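Asks: I'd like to ask some things about the structure below.
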Amino acid sequence: MSVCLEVDYTLYTELKKFLNGQPLFLFNADKNYVEVVPSSTLKFYIPIGLFSNSNVALIRPVHTTCTNHIESVDVTFPNLYPLQKHVVAEVTTSMRQKLSTHRPMYMTLHLSCGFGKTVTACYLMVVHRRKTVICVPNKMLIHQWKVAVELTKLSYIISTDGVSMLLKQLRTKTADVLIIVSRHLSNDYFCKKIHDEYDTFILDESHMYNLMNNSALTKFLTFYPPRICYFLTATPRLMNRIYCNDVVNVLKVSALTKRLKIVEYFFEPYSTDCIRQMAKHLNTENNKYHIYTEKILTEDLPRNNLIVETVSREFRNETIERVIVIVKLRKHMTFFYDRFVKEFGTDYVYLGDAKNKDTSTVVKSLLQKKKFIFVSTSHYSGTGLDIPSLDSLVICCAVLNSMQIEQLLGRVCRESESVKKTVFLFPNTSIREIKHSLGFFTERIVSISTDKLGFEQEGIEGTKEEPVLTKAFSSQTR
């Protein structure tokens, strides 16, 4: 259980530094999730993960006693490359120090996309030799964990049919590893069971959760805190450090050649009745999250045609072979899918549709294919999609925050046989009402990809055409 006490000025200041001015929410002594105000006389549950960092004064010693040992006999360590071994060495040293100083054994593994967080975490799982729960945000991530866990030869159970079905299964069967989706944590009985019977908890893609929200995960970490806990992410949320405050971060030295191709094209103005109607909402509250910006971009036929022509040409010339095309809206996704199917047929073109339950099977099939175009949304494929062989990313949408951009670019930053990785951007639009918005968001992608992720911007691609100016100059020279 987390520590329940009054939040004095020092502790309040420590907690607030993770929130960038946002309000602080915690569970009070009555287990209600409320805002914490300065000088409050109420008692609040303070997540024990906060004290995993030695810079935070330890209010009460945490005596970690792990009794749930793994039962498998012939356990093996997965193979790691040197930098992964370096991370393991840092983590194990830190965990021993936490144990000896009576601090909670909590750590965030802040490692770049493509580093191999999954296999590194499985190695640590074998080091601890304690029963483990692996929690993922969605079913799509389960397969990559299954593959990694099998390398250890630990027994495991995968739960995809709901927590009730899993609880029935656990009455007659046990396993060293449970792989679950985070929805399972809404069941209090299940939370108590894994707290009592499993010692290690691995939270994959921890940035997907805002732990300042009153969620099942927030409750679990507060009232059923694991004895050993790892958060895995390439783009950590600062506020989540309140629940897991110690971070290991190792920069990856990569042999990949990462290219950023910006395809510029100056279009003649284009509009339709549909576009004009939607443009009326651009400067209203309805466009707070730029939904109309993306809807209008979906209708930009000249830009869409340029994207299809560019990708088709590169794919035919085999300068790109395993391509993911990312959009924001489903209508945009089906447009590109239909166009690419006309060009190359269904043997090469696949749809990453979140509404289709067979999409995970499609993703698995792509692991063995030499050439394909995979069209999907940023919601489905922006985080956790595990197709290491991808060599190209085509970004068709505009509105992405910094975390989404880094996660999206990470889809093509994984080590594979192909060391040449290419990202395509299309910063121009034929629709004048969204010209500046598209340019602004494209600049953000360029900045993160070059300054933070090591992409090199290549010479500007495409054809620049300004028909009105061309006609004017032509008439002057006659």
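Just so it is clear, glycine is given a Cβ too, placed from its N, Cα and C backbone atoms.
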Asks: If you look at how Swiss-Prot annotates this chain, which of 52-55, 128-131, 204-207, 316-319 comes out as motif 'DESH box'?
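Replies: That would be 204-207, per the motif 'DESH box' entry in Swiss-Prot.
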Asks: In which DSSP state, out of helix, strand and coil, do we find GLY114 (ATP binding site)?
Replies: coil
Asks: Ranking the binding-site residues GLY114, PHE115, GLY116 by other Cβ atoms within 10 Å, which is at the bottom?
Replies: GLY114
Asks: Suppose we draw a 10 Å sphere around the Cβ of LYS117 (ATP binding site). How many other Cβ atoms does it contain, all chains included?
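Replies: Looking across every protein chain shown, the total is 23.
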Asks: Within 10 Å of the Cβ of LEU111 (ATP binding site), how many other Cβ atoms can you find? Include all protein chains, please.
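Replies: If we count other Cβ atoms within 10 Å of LEU111 (ATP binding site), we arrive at 22.
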Asks: For THR118 (ATP binding site), which residues in the same chain are close in space, meaning a Cβ under 8 Å from its Cβ, but six or more apart along the sequence?
Replies: GLN144, TRP145, ALA148, ASP204, LEU232
